[in-house]
Amino acid sequence: MICSTLFNLIEDCKSKMKNPELYSKLAKGQSPKFMVVACSDSRVSPSHVLDFQPGEAFMVRNVSALVPTYDKITQTGIGAAIEYAVLHLKVENILVIGHSSCGGIQALMKSTDDGSTSTDFIENWVKIGSQAKAKVKSEHGSLSFPEQCTLCEKEAVSLSLDNLLTYPFVRDAVMKKTLALMGGHYDFVNGAFSIYMDKKWSPQIV
């Protein structure tokens, strides 16, 4: 069953390789203008949502599209990706995209504050967004759980953008105006996208 599914995916991929000139060019290197930090959720592929073509965006995907603060000891994976994108690829934009019905954000909102965990990795990871959770709980504690989660999805984007500025090379590029940071939120249920810039969200683009 698995082998058959994989074979079908490979055959589908082969049928889509209709631009040999593009891939020949990409074989020589990449020069994307965007770095995109997005959720690992299978329902929200950044390339599908924003129609990125091969070579246009350097992608990092993790649970809830979270960016931790600068830490050379514990966050080397995403730190290496950000460093490579900014210092070597010279991307001009970093886009952090959250999305509706995010399971990671739901796990964050359900997590306890006493430090206890029931998973090996998930709760420790999503607690990167603890400040976003605290803000939502403080300002919107009377709302329903789904409503709080929607707000936290967006607050987590804002927090991740703030955390990006703790990376010296990101902050330096932003100060030099060679790099712009922006956020997005994709409501895949309603097919709507919101943009976060200058500390405010745009109206939804449907």
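In case you wondered, yes, glycine gets a Cβ from its N, Cα and C as well.
Marked as Zn(2+) binding site by TrEMBL: Cys39, Asp41, His99, Cys102. In sequence order, His99, Cys102, Gly103 are the residues near Asp41 (Zn(2+) binding site), counting only same-chain partners six or more apart with C-beta under 8 A.
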For Cys102 (Zn(2+) binding site), the number of other Cβ atoms found within 10 Å of its own Cβ: 26
Assigned element (helix, strand, coil) containing His99 (Zn(2+) binding site), judged by DSSP: strand
Cβ packing number for His99 (Zn(2+) binding site), 10 Å threshold: 25
CB within-chain contacts under 8 A for Cys39 (Zn(2+) binding site), separation at least 6: Arg61, Asn62, Val63, Ser64, Ala65, Ile97, Gly98, His99, Cys102, Gly104
Secondary structure at Asp41 (Zn(2+) binding site), reduced by DSSP to three states: coil
